[in-house]
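Residues or ranges marked as Mg(2+) 1 binding site in Swiss-Prot (evidence: sequence analysis): GLU437, ASP511. What Swiss-Prot records for ASP511, ASP513 is Mg(2+) 2 binding site. Annotation comment: Swiss-Prot describes 431-546 as domain 'Toprim', evidence class sequence analysis. The annotation site 'Interaction with DNA' is assigned in Swiss-Prot to LYS462, ASN465.
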Amino acid sequence: MDPKEKNYDASAITVLEGLQAVRERPGMYIGDTGITGLHHLVYEVVDNSIDEAMAGYCSRIDVRILEDGGIVIVDNGRGIPIEVHERESAKQGREVSALEVVLTVLHAGGKFDKDSYKVSGGLHGVGVSCVNALSEKLVATVFKDKKCYQMEFSRGIPVTPLQYVSVSDRQGTEIVFYPDPKIFSTCTFDRSILMKRLRELAFLNRGITIVFEDDRDVSFDKVTFFYEGGIQSFVSYLNQNKESLFSEPIYICGTRVGDDGEIEFEAALQWNSGYSELVYSYANNIPTRQGGTHLTGFSTALTRVINTYIKAHNLAKNNKLALTGEDIREGLTAVISVKVPNPQFEGQTKQKLGNSDVSSVAQQVVGEALTIFFEENPQIARMIVDKVFVAAQAREAAKKARELTLRKSALDSARLPGKLIDCLEKDPEKCEMYIVEGDSAGGSAKQGRDRRFQAILPIRGKILNVEKARLQKIFQNQEIGTIIAALGCGIGADNFNLSKLRYRRIIIMTDADVDGSHIRTLLLTFFYRHMTALIENECVYIAQPPLYKVSKKKDFRYILSEKEMDSYLLMLGTNESSILFKSTERELRGEALESFINVILDVESFINTLEKKAIPFSEFLEMYKEGIGYPLYYLAPATGMQGGRYLYSDEEKEEALAQEETHKFKIIELYKVAVFVDIQNQLKEYGLDISSYLIPQKNEIVIGNEDSPSCNYSCYTLEEVINYLKNLGRKGIEIQRYKGLGEMNADQLWDTTMNPEQRTLIHVSLKDAVEADHIFTMLMGEEVPPRREFIESHALSIRINNLDI
């Protein structure tokens, strides 16, 4: 035996005490230490509050991302117990509060006591103690029995004992934590991920109010999630931009006794005129993306009830096709939620429910309720049946079209290389395919590419809008057929096979004009609706060709966006410049000048925030009241109504909410007060205020330039200062704006857009499937009014010089 080898005996066995195991192997407890694991920390804390709500003790949860990167979760539940925990105190030989036990001992909490909670969620039962272990700092505040208590921890270890803070009328628990950068690859919370989950929880728990805020972004308004209709409201939300077959979603609920106690099952369902099935399933509020026994039971009962109804009413006399579950679920939007006392999940991340008794409960509840509904609502039942028959006929037609496409593709494969310019590499993991707009750009891309691993697929014009088309029509579209054949992985739920994908990266490269944006959206719609796994597995990217080429003598650089262009021009304009405030003789150069410019840019950002909310800055300035200041809120009328007004305090806001009919008006928070005060304070240092941006000041601002000392320029508003410096930056440079890829030669295309060492790609990911479906339906679907309303509400945020006319 090599003496260097260590003996494997009892001394090699390590026992990790307390929360040390969580810190040593965090992936075992939260899945990973990336963006997913980071957000699971928030879910664990929120799930505790939801458990309180499900038990009937909590009606409101507030989640707020702090400006310094922390996050705070507050509820109005019973509050975590703070009394001495007898068993743990005896074990440790000191007084240990129940709060400390909950926050420092794995698998400790009320959810393991069926008298406290009948059902509960949570990730793996490790709860808030896991959050504590993986946080650089955590502060728990409990409001209970008219008193406030607090305790602080660092990486799971108590920093302060449980302390009485003050008298308080509040009730509940507040958790503030900061993720540990030693554990997580990123500690930056993504609000879209959090909002998706909070919205789900508000839908799944009828009547609870969840409020979300993000202090990092001055333009972000507080969002309140409250849905009295529960999952019925969820289905209405999912179908809001679709043409529903009937007005109100069907709601089904029932309770049956399972192996471990009562199982509560509820479902809401509604068909629309579209062709996509959209079904979300949950168990104890946890999304089960791979379904499980509750979804199987629901689908089985749905198919059986509809087939039975067709047979009982002799509705199939002119339709001899055998119906499938796929036919029945075409255009179906449904949400299924089950509450199980002892849920059994398959896999560590709870993707699939495994309780066998849930399937029979779902079949009983759905079967009985849907049968009664169809008998009581024969018109709705007939509309559903008619749609099912049309879906079956379309399925047969699509099957023939698919077979024809595959047969034609096999017999006429020599035609494919004429479109697809393939690469030499055969390992899909090393290959990428550019989908390029037009033959001209395709030619440049072919010449500029690295032929070893980059394939080029030019497409002509705008492809079919698949949001408005059945599969039969999709298979008949030449451009889509070419894309399907080039990728090699098939299409649709039954025929898609990711392992046959020929290119690991699919890069959409279109022009920077309106047509290019439209083609990109059509392609993304196709991938999202019919090759969703490509987006879920992060195979789709969007190329970012430059918008400008800026040349100065022999030097040049490429610029990707208007914002980058503005920054570059300002940098050039301030390099050799100075600013003199005439009234005080104060002069700014170098870093001091840059700081002043940044203050002006903060003012511009503030103005943009207002104008995105349809509040003109000039109007905002006019609303100033002596002794009160600027307004805080705007009471906005509903679309097509008149009579908005400004509000100057929280008291005015509360009065307005009490007096006005809330469906006719909405309260818009104009800005974050702290941010506004900070901008005002910075401006005061220069003898200015917020109105200085537009209203001419007595304090003359003189811009001087070292290259031309005699060409000083006097400004009287901050807007003039910014515009003059940008114009100064334009002197001596040549600016070329690219509208099409064809305007670049092969070398330029390679240098800017195709070279992996230098290019910028946008990674297409699916953070919020509900919101993605909502956006694609609104922008690409049949319903015009929602699209018009979206365009009208966002029109003010479009810069005029970005419009392609």
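The backbone N, Cα and C atoms fix where each Cβ goes, glycine too.
For the pair GLU437 (Mg(2+) 1 binding site) and LYS462 (site 'Interaction with DNA'), the C-alpha distance works out to 9 angstrom. On the backbone, the CA of LYS462 (site 'Interaction with DNA') and the CA of ASP513 (Mg(2+) 2 binding site) stand 13 Å apart. For the recorded site, ASP511 (Mg(2+) 1 binding site), the DSSP three-state label reads coil. Note: the CA-CA distance between ASP513 (Mg(2+) 2 binding site) and ASN465 (site 'Interaction with DNA') rounds to 19 Å. Contacts of ASP511 (Mg(2+) 1 binding site) defined by a Cβ separation under 8 A and a same-chain sequence distance of 6+ are given as GLU437, GLY438, ALA441, PRO545, LYS739, GLY740, LEU741, in order along the sequence. Taken as a whole, the domain 'Toprim' (431-546) shows an average pLDDT of 86 in this prediction. In the structure shown, across all protein chains, GLU437 is the one of the binding-site residues GLU437, ASP513 with the greatest number of other Cβ atoms within 10 Å.
Counting residues per DSSP class in helix, strand and coil order gives 54 helix, 21 strand, 41 coil for the domain 'Toprim' (431-546). A simple way to gauge crowding: the CB of ASN465 (site 'Interaction with DNA') has 15 other CB atoms within 10 angstroms, across all the protein chains here. Take the CB of LYS462 (site 'Interaction with DNA') and look out to 10 A: across all protein chains shown you find 14 other CB atoms.
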